[in-house]
């Protein structure tokens, strides 16, 4: 195979790579401010690598979310909620309504303050 044959082969491989790209993206339920079961699905963008379900009172949020931002602080700020029960997961359609009954994380700002206060007191007592 000469130079021309190698170039043709390379070109074909490049075209195959472009057209056969799997482009797999995570699929999540997405119904912001929903109070009922969510049945609308969406394909998440590449920077949103997890599905979120968060419950605050009667409001239930379903959406794509960045996994590293799945913390009480981030969720509380973004959703403007003071108390949340939430769950982030990384499988297709894993943020279904019943998942919070089986687990999830419930925190409020008061709980976070109660958890942090002993550590602050200990650090303060160690400081001369």
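Keep in mind that glycine also has a Cβ here, set from the backbone N, Cα and C atoms.
Quick caveat, the model's predicted, so the values are computed rather than measured.
Feature list (source: Swiss-Prot):
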DISULFID  28-51  disulfide bond
DISULFID  31-38  disulfide bond
DISULFID  44-64  disulfide bond
DISULFID  70-88  disulfide bond
DISULFID  89-94  disulfide bond
DOMAIN    26-108  domain 'UPAR/Ly6'
CARBOHYD  43  N-linked glycosylation site
LIPID     102  GPI-anchor amidated asparagine
SIGNAL    1-25  signal peptide
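Annotated features taken from Swiss-Prot, shown on the structure.
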residue	record	DSSP (3 states)
28	disulfide bond	strand
38	disulfide bond	coil
43	N-linked glycosylation site	strand
51	disulfide bond	strand
64	disulfide bond	strand
70	disulfide bond	coil
88	disulfide bond	strand
94	disulfide bond	coil
Residues near residue 64 (disulfide bond) by Cβ (under 8 Å) yet at least 6 apart in sequence within the same chain, in sequence order, are 26, 28, 30, 42, 44, 45, 48, 50, 51, 52
Cβ proximity for residue 31 (disulfide bond), under 8 A, sequence spacing 6+, ordered by residue number, returns 38, 39, 40, 60, 61, 62, 63
Students should find that the Cβ of residue 88 (disulfide bond) has, within 10 Å, a number of other Cβ atoms equal to 22
Residue 51 (disulfide bond) has its Cβ surrounded, within 10 angstroms, by a count of other Cβ atoms equal to 30
Residue 94 (disulfide bond) sits from residue 43 (N-linked glycosylation site) (Cα to Cα, rounded, in Å) at a distance of 13
Between the disulfide-bonded residues 28, 38, the one whose Cβ has the fewest other Cβ atoms within 10 Å is 38
Residues near residue 94 (disulfide bond) by Cβ (under 8 Å) yet at least 6 apart in sequence within the same chain, in sequence order, are 28, 51
